[in-house]
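Below you'll find the structure, written out as structure tokens, and then a few comments.
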Amino acid sequence: MDTNTLLLILANIIVIIGLARLIGLLFARFQQPPVIGEIIAGIMLGPSLLGLLSPALEKSFFPATTQPFLYLLSEIGLIFYMFLVGLELNPQYLRQKLKVAILTSNVSIFFPFVLGIVLSFFVLYSLNQPNKTSFIPFALFIGAAMSITAFPVLARILKDTGLDKTPLGTLGLTCASVDDISAWCLLAIAIAVTRTDNIFGAFPTLLGIIVYTVFMVTLGRKFFKYILRNYGQKNYLSQGLLTFIYIMVILSAMLTEWIGIDVIFGGFILGAILPKNTNLSTELATKTEDFVSTFLLPIFFAYSGLSTDLGLLNKPYLWAVCALVVAAAIAGKYCGVYVTTRALGVEKQEAKALGWLMNTRGLTELIILNVGLKLGVISPVIFTMFVIMAIITTIITSPLVVKIYPAPAH
């Protein structure tokens, strides 16, 4: 790497994290999750705004020579973000209203997933898709992208609106926890099928990830309990222990990539099996989250923004398809949640609010889309449409939930 490239990468990082922080704070002032502002900041640095205003500046500031380095940093950011998602997956949520949560979450995945598959028939052959895209992998990715709920963003919305301690907050966190596990399993299947190009060929990969997950949940969990109990210095997370855990996160990511699933699953699995509700786990989350959220994730948003080009939607027909994607995603999730919870005896207002809460997609949607784009399953046009869907479904959540189900403080 020559000096000019190094300086340009450092300049990229300065602009990326600075703009992400600025736009994130701006959105927070309007009671929106800062992550939405950070996603939009990334889009602003790509062809949708910077490239539109000055194509020459965009190409010179984000040339092809720097993008591999941004990609590497964004992948590392995703590994550790997924580690945090797993770490925050608290078992106490899974024990509360479990029957309602399991039924609601699975139906709320099934409805939009089916709509996604139906939509795939239309989208695959009518839009400019990669030539070698097969229907089954494409449909699985579209279904997964329509079905996901962003647990961390949902938790942040509940906290910011003062609803985290209410019955709605408890049920929402429980449903989102179950939804998270189910949706990541669905994505794992989509990746396995895509990489082998057929369902039966994916069986060895799926068997491998099942064996690894079972191993981590049983022996791995016991091992880390022992490590944290014996090497945590009076509930203090030493640099040595922190280093060991980070090495294990990367090693777990390497193993899931080697098995044939994406690196993000390694981070998620390791975070999920670590002991929860201890001073050490809290300190681990705190030390990790600040650097990941302020430095690494904005780079991921910027890298995603370079692939998001609103200019690709240059015909009314394409915007109509985009509107159809947004409508199907919202309707599938909302109807799945509302119908199920009402059938299970949940009050009408709570069921309505939960339907909108579970529509929160945010950053989690971006992760699925980037995996699909990386594997060549979805085109930049479809990528852009689903990024728009992720932003819209997340932006509308807070105001609608507060209007339907105001917290006691309101």
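Each Cβ is built from the backbone N, Cα and C atoms, and glycine gets one as well.
Marked as transmembrane segment by Swiss-Prot: 7-27 (among others).
The transmembrane segment feature in Swiss-Prot is assigned to 33-53 (among others).
The transmembrane segment annotation in Swiss-Prot covers 69-89 (among others) and rests on sequence analysis.
Under the heading transmembrane segment, Swiss-Prot lists 107-127 (among others).
Listed by sequence, the residues of this chain that lie at least six past the ends of the transmembrane segment (135-155) yet keep a Cβ under 8 A from its Cβ atoms are 33, 35, 84-85, 88-89, 108-110, 112-117, 119-121, 123-124, 129, 164, 172-173, 175-177, 179-180, 183, 186-187, 189-190, 193-194, 197-199, 328-329, 332-333, 357-365, 368-369, 371-372, 375, 377-378, 382, 386, 394, 397. Swiss-Prot lists 135-155 (among others) with the feature transmembrane segment.
The transmembrane segment annotation in Swiss-Prot covers 173-193 (among others) and is backed by sequence analysis.
Annotation source Swiss-Prot lists transmembrane segment at 199-219 (among others).
The transmembrane segment annotation in Swiss-Prot covers 241-261 (among others). Sequence-distant contacts of the transmembrane segment (241-261) (same chain, six or more residues past either end, CB-CB distance under 8 Å): 79-80, 83, 188, 191-192, 195-196, 204-205, 208-209, 212, 216, 227-228, 231-233, 267, 269-271, 274, 280, 284, 287.
Summarising the annotation, Swiss-Prot assigns transmembrane segment to 291-311 (among others).
With a cut-off of 8 Å between Cβ atoms, the residues of this chain six or more beyond the transmembrane segment (319-339) that come close are 104, 107-116, 119, 123, 126-127, 146-147, 149, 175, 313, 351-352, 354-356, 358-359, 361, 385-386, 388-389, 392-393. For 319-339 (among others), the entry in Swiss-Prot reads transmembrane segment.
Under the heading transmembrane segment, Swiss-Prot lists 376-396 (among others), citing sequence analysis as support. Outside the transmembrane segment (376-396) by six or more residues, the chain places 32-33, 35-36, 39-40, 43, 123, 127-130, 132-133, 137-138, 141-142, 145, 150, 153, 194, 304, 307-310, 312-313, 318, 321-322, 325-326, 329-330, 333, 356, 359-362, 365-366, 369 with a CB less than 8 A from a CB of the stretch.
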Selection from 33-53, 107-127, 291-311, the stretch that has most Cβ pairs under 8 A to the transmembrane segment (69-89): 291-311
Positions on the same chain near the transmembrane segment (173-193), where near means CB under 8 A and six or more residues out: 85, 89-90, 93-94, 96-98, 100-102, 104-106, 108-109, 113, 136-137, 140-141, 143-144, 147-149, 151, 154-155, 158, 164, 199, 201-202, 205-206, 209, 260-262, 265, 268, 337, 354, 357-358, 364, 368, 371-372, 375
Same-chain residues near the transmembrane segment (291-311), Cβ under 8 Å, at least 6 residues beyond its ends: 12-13, 16-17, 19-21, 35, 38-39, 41-48, 51-52, 62, 67, 70-71, 73-74, 76-78, 80-81, 84, 363, 366, 369-370, 373, 380, 383-384, 387-388
Residue numbers, six or more beyond the limits of the transmembrane segment (7-27), whose CB comes under 8 Å of its CB atoms: 33-38, 40-42, 44-45, 61-63, 65-66, 69-70, 73, 294-295, 297-299, 301-302
